[in-house]
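Peer 1: Before I ask anything, let me first share the structure, which is written out below as structure tokens.
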Amino acid sequence: MAAVRRGVRGVPATVLNGFSQIFLAGGPWCGLLILVGLAHATRPGAAMAVLGSVVALVATVGDRFPGRRGGRDVTACPGPGEWQGIRQGLAGYNGALIGVACWMTWQETEAAVVATVLGALAGVVVTRLLTQLFAAPGIREPGLPVLTAPFCVASGLFAVLGAQYVPPEPVPPLPAGGAVTEAVEAVLGNVSEVMLVDDPLTGALVLVGLAVASWRIGLAALLGAVGEYLFGLATGQDPDKLIHGLLGYSGVLVTIALGAVFVTGPLWVRVAAAVVGLLLSQATAGLMVHLPVPTYTWPFIVPVWVVLIVLWAGRTWRAARRT
């Protein structure tokens, strides 16, 4: 019970940690800056994000306490390792993204609230299933993380089943301004669009928050945003979408994941992994436009999984050669 009381007192920090985990970072101050940035772009969306995070947190903790659920007896409370992960925000970040997506999809408070609650609960189920899958023998070896897959599955499913999802309308015309202004807005838009909003101040606050959490993650996010913008210019991508961050947000997460979080070893290995991940991200995004579901962050998830599997296969092959 002492652990439960400590957990209740730590709910605000845990929820804020969930916002930082959207970008694979940690720390309540980072999460607070991200939440403030989101609220600047959309207060209702930020409110839905908090609701989704809290619902997912409560559902995750509640599912682990003693009782009978789903025809099985649950007899063990969360262990120290599980509590640590929960406090770090791993139970809430998908719920936060689901909340934003529900607001952006329905744009109406009552429907968004219901969708957020149901979506966050569905996200917890998907998280649990993926966690069990990735821990199964023969699959656990690459150490695949769940990432934002529960958000994509739950939000995409609710959007399709609710027949509410409509492809985005054409983005606004390019704002008046010089090349430098447009480049800055595009880079910051790449960061803010991770949370489904196009707002330069949001992107700036997120970058500051990430730098507070870890200079490596902050730098990786900035390099990913700049790299995606330069890639878009070099390949002649739609300038309207490019400047509003619609083509580069997944690359920001890919660069963080492969350049600063999951890949270890020499710098050149992490840089190479991030570059390959960015190329795969572009390919995945190109495929997603042909599917009747929102793209969301699938162009981040799929490349990271592929690169981690390839790196694991390479390590296994080298180890086999030495024996």
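From the backbone N, Cα and C atoms, a Cβ is placed for every residue, glycine too.
What you see is a predicted model, and the numbers here were worked out from it, not measured in a lab.
For 21-39, 45-62, 90-106, 112-131, 204-226, 246-269, 296-314, the entry in TrEMBL reads transmembrane segment.
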Peer 1: Under 8 angstroms, Cβ to Cβ: which one of 21-39, 90-106, 112-131, 246-269, 296-314 has the largest number of such pairs with the transmembrane segment (204-226)?
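Peer 2: Against the transmembrane segment (204-226), the leading stretch is 21-39.
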Peer 1: Restricting to the same chain and to residues at least six past its boundaries, which positions have a Cβ under 8 Å from a Cβ of the transmembrane segment (21-39)?
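Peer 2: Hits for the transmembrane segment (21-39): 12-13, 15, 45-46, 49-50, 88-90, 92-93, 96-97, 100, 148, 192, 194-195, 197, 199, 201-206, 208-210, 212-214, 217, 221, 252-253, 256-257, 260-261.
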Peer 1: Which of 45-62, 246-269, 296-314 shares the most C-beta pairs under 8 angstroms with the transmembrane segment (112-131)?
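Peer 2: It is 45-62 that shares the most Cβ pairs under 8 Å with the transmembrane segment (112-131).
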Peer 1: Below 8 angstroms Cβ to Cβ, which residues of this chain, lying six or more residues outside the transmembrane segment (45-62), approach it?
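Peer 2: Contacts with the transmembrane segment (45-62): 7, 11, 14-15, 18-19, 35, 38-39, 78, 86, 91-100, 102-104, 112-113, 116-117, 119-121, 123-124, 127, 195-197.
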Peer 1: Six or more residues out from either end of the transmembrane segment (296-314), which same-chain residues have a Cβ under 8 Å from its Cβ atoms?
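Peer 2: Tertiary neighbours of the transmembrane segment (296-314) are 97, 101, 141-145, 147-149, 151-152, 155-156, 194, 249-251, 253-254, 257-258, 262-263, 273, 276-278, 280-282, 284-285, 288.
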